[in-house]
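Below you will find the structure I want to go over with you.
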Amino acid sequence: MGTENPNRPNYPLRPAATPFAAQQSTTPFLPSGPVAGSEASAFRPAPPASSQFPTPPFPTGALVGSEPPAFRPPPSSRSNDLVRPPPSYGSPTSGFQRFPTPPLTSTGQVPPPRTSLAGQAVVPPPTRPSPGPVSLLSQPQPPSVPMGTPPQSIKTGQSNPNVPLPADQHFSTSRPNAQPSSPPMGPSYAAPRGAFQPAFPGYTNTQPNSVAQAPPTQPVSFPLQHRGYAPPSATPFLLSKEQHGMAPPIATSQTLAEDFSSLSLGSVPGSFDAGLDAAALPRPLDGDVEPKSFAEMYPMNCSSRFLRLTTSGIPNSQSLASRWHLPLGAVVCPLGEAPAGEEVPVINFATTGIIRCRRCRTYVNPYVSFTDNGRKWRCNICSLLNDVPSEYFAHMDATGRRVDLDQRPELTKGSVEFIAPAEYMVRPPMPPLYFFLIDVSISAVQSGMLEVMAQTIKSCLDSLPGSTRTQIGFITYDSTIHFYNMKSSLTQPQMMVVSDLDDIFVPLPDDLLVNLSESRSVVEAFLDSLPSMFQENMNVESAFGPALKAAFMVMSQLGGKLLIFQNTLPSLGVGRLRLRGDDIRVYGTDKEHMLRVPEDPFYKQMAADFTKYQIAVNVYAFSDKYTDIASLGTLAKYTGGQVYYYPSFQSSIHKDKLRHELARDLTRETAWEAVMRIRCGKGVRFTSYHGNFMLRSTDLLALPAVDCDKAYAAQLSLEETLLTTQTVYFQVALLYTSSSGERRIRVHTAAAPVVADLGEMYRLADTGAIISLFSRLAIEKTLSSKLEDARNAVQLRIVKALREYRNLYAVQHRLSGRMIYPESLKFLPLYGLALCKSTPLRGGYADAQPDERCAAGYTMMALPVKSLLKLLYPDLVRVDDYLVKSEELDNIRKRLPLTAQSLDTRGLYILDDGFRFVIWFGRSISPDIMRNLLGEEFVTDYSKVSLSQRDNEMSRKLMKLLDRFRESDPSYFQLCHLVRQGEQPREGFFLLTNLVEDQIGGANGYADWMMLLFRQIQQNA
């Protein structure tokens, strides 16, 4: 979403040479259970009785607060030297670089005696492993099992596979009674070797091997009790007991099913091959996949397009909630477009009045229950018994259902819309009103913005919502403010100029806002003459603040939508701004965040006034220079609007984008004068809200205008120590005025189960909602902290969550050298990495302009889940085969991993992040393709070439394909940027910085990132 410089380090304060930067590769993620392939997640064996072991009481707080070691890998010279309790020595984790001098030098040392939980000293035999009997005592601590000395072939980085050691070999200092069981490291135990190689330009594709494994000749499938996995490669993960002839673990844990996915990060003992296969890392190549299990559990819930919970398992206690380190909450898109073929039913109760709970004001919904033969209904949110009005009464059938259930959509569907009676109106419904505040200084005229904008508004006049009720008005400004009288009796608009900026007043207040249908000819005449009217304007000043006050004075009677077209930094009158953001020394200091917050309180105060009078503001910013989007964007942030940013706008290049996005803004269905509240069941409540709105009371969001492209996030907390109910209900209610003048209430209701098990919370997690809430929290953090702190906060929460999950299984399973995660969160680390590399968060001074960073932040704060995930992990598809052969259009939607390895020099690729297309031409691509698509100019500078349909089949196919991509999400228009392989800085600028899996400018690649997370999860696990 803007310009990027790949030559600057993205994380300036993190050491560029991370301890695992040597060899980069990856391993298969493994599906849960013994089933091969990713479909395994559909089948989950119930946890056997043996999984009733008490959860290990490990503290997760070792990596807490902002202490630096928690976020950064230690210096590479001592990569194996992980944090250990002082007197005893745990063995190093597998998968890291060897360090030159091992800490202990004696060669034939026998492991020290170890005290078992019961107190007896257990001395392992010195030479070979013994399959002796083991006893497991029922204590809250993780069971400790005697272990023999590992054979010489095993590296000490790997635990004895016989022992269900918790969270690998690192033990927490707070574990009582447990002594380390690993042998000290001497030369006879080779230190594990780093398993990575550089991300650019290629990975080696070695067979993924598990930590201790003899490669078999053909795939083998294992029964459930062996807990074996068959990864996508031909080499399955063998259990070490077959290899070393050890006895299996005790009978109770023999039949444990692994209810998680895992990623092996070790290498084969004695070999120097990397243990990671990059191709097998989990990637969201199917885009955003909504969790289906939740919808099946509660078929009467509203669609996930309207409401998504970060986990559908609500914790039953505050202590359980505190162990869920990811955000707990919801993402709401109240006016989202309904799934294909479905409409939100509109219900008019007319004389009955809307049926609501008299205590908590919940609207009647599918989860209320009727009792007393249908005379009373029980509220599902607060459990109060309410009387059923006589007009709404219906008898109950034998099963306890109302006989008229089929005629009552509000009792069968999770999303409905009620027509509100007069008591829901503070004033009569306002007509849709569009007011345009237009910068006409020299840069606006020369860039062509004025002409494109005027033409677009004129073309949309017939499609504006509200038909004959719609109102319209215009103000233009440079160093003075120009008002336009558009009374229907005139043939041409009259222009009035106000030059007194300190004491602004409105001439002819009644004729500046006119009914569009009555004054249509005057409005069209004005739009036709607007570009030529200021054609000779040489004024470089911008009296934006006074013009904003004037617009407020005109609109405050009715409210509506204010569209601002701003080309120049405000320089005159109230609200003038100065150039900032040029001082490189501010970056990395405590003052850095000041560049991302409004400089002048005038804008926030104006936003509060706009919201109070039901005015939503959309800001269209066009400039090749600094315009302080941080300040201007505040107007959109607090009024429920959005920011559109067109840096260095030139009509010859950008006109289609502006035309499409302005037209959609003007014509999409809009809810006016809206307020939104989310109600939830007893014991839980929403504590904070994130997005573009003004909070009117603790839980009432004021939204002067809402549409289908806006989403809002909220965080949830438990009010009570223990929830006693089995289900928690959520209800989103949006009260608004439709463009046709009806007052309506859109209601979305959903139920979610209360769970007592952390594993169940993870199983029901929704990565899309989590990342959506994460990104809003991280962007808000950049407004009060350094960029690096915001990135570290994201990383820390992912580490804490995956460590907590690891501790769930550490006692019962052999986890040496494996990173485990729930199937539901397999993409979380990758999306977390992509978020840290996104425009609002990445790098430092040189990685993104301040305006670009702030504009991207304002945009991401309002994006629905699907659009946000696509922006973070764009689609990359290869299209040259489709253009040359007669393939079907549907066949080319195969998405590729975002790494330079996916790019073939003979290919043509499209990268689509929902905001722009980057079309990449390989160096060795066929000249015929180039000639057909670009004409004879295919050798020139690509920044000056625009893609247009030419008279040949190949060009038509490509344009049809781009149109198909655009139709899938029409909220923004993807402009084409053509890039040729090796053409710098353009290629790095548009494409390479979007390849989030690669190591760019000092920021981690995907495999490095997984290793970094793995190491931090292991510490104090």
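Backbone N, Cα and C define each Cβ position, glycine as well.
Annotations in TrEMBL come from automatic prediction, not curation.
Keep in mind it's a predicted model, so treat the numbers as computed, not measured.
As listed in TrEMBL for this protein:
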REGION    1-226  region 'Disordered'
COMPBIAS  38-53  compositional bias 'Low complexity'
COMPBIAS  123-132  compositional bias 'Pro residues'
COMPBIAS  140-149  compositional bias 'Pro residues'
COMPBIAS  150-162  compositional bias 'Polar residues'
COMPBIAS  170-180  compositional bias 'Polar residues'
COMPBIAS  203-212  compositional bias 'Polar residues'
DOMAIN    354-392  domain 'Zinc finger Sec23/Sec24-type'
DOMAIN    429-665  domain 'Sec23/Sec24 trunk'
DOMAIN    671-755  domain 'Sec23/Sec24 beta-sandwich'
DOMAIN    766-869  domain 'Sec23/Sec24 helical'
DOMAIN    895-943  domain 'Gelsolin-like'
Could you give the mean pLDDT over the domain 'Gelsolin-like' (895-943), rounded to a whole number?
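The predicted confidence over the domain 'Gelsolin-like' (895-943), as a mean pLDDT, is 88.
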Are the domain 'Gelsolin-like' (895-943) and the domain 'Sec23/Sec24 beta-sandwich' (671-755) close enough that 3 or more Cβ pairs fall under 8 Å, when only pairs 6 or more apart in sequence count?
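Output no: the domain 'Sec23/Sec24 beta-sandwich' (671-755) is apart from the domain 'Gelsolin-like' (895-943).
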Does the domain 'Sec23/Sec24 trunk' (429-665) make contact with the domain 'Sec23/Sec24 helical' (766-869) through 3 or more Cβ pairs under 8 Å, each pair 6 or more apart in sequence?
yes
When the domain 'Zinc finger Sec23/Sec24-type' (354-392) is classified with DSSP, how many of its residues are helical, how many are strand and how many are coil?
6 helix, 11 strand, 22 coil
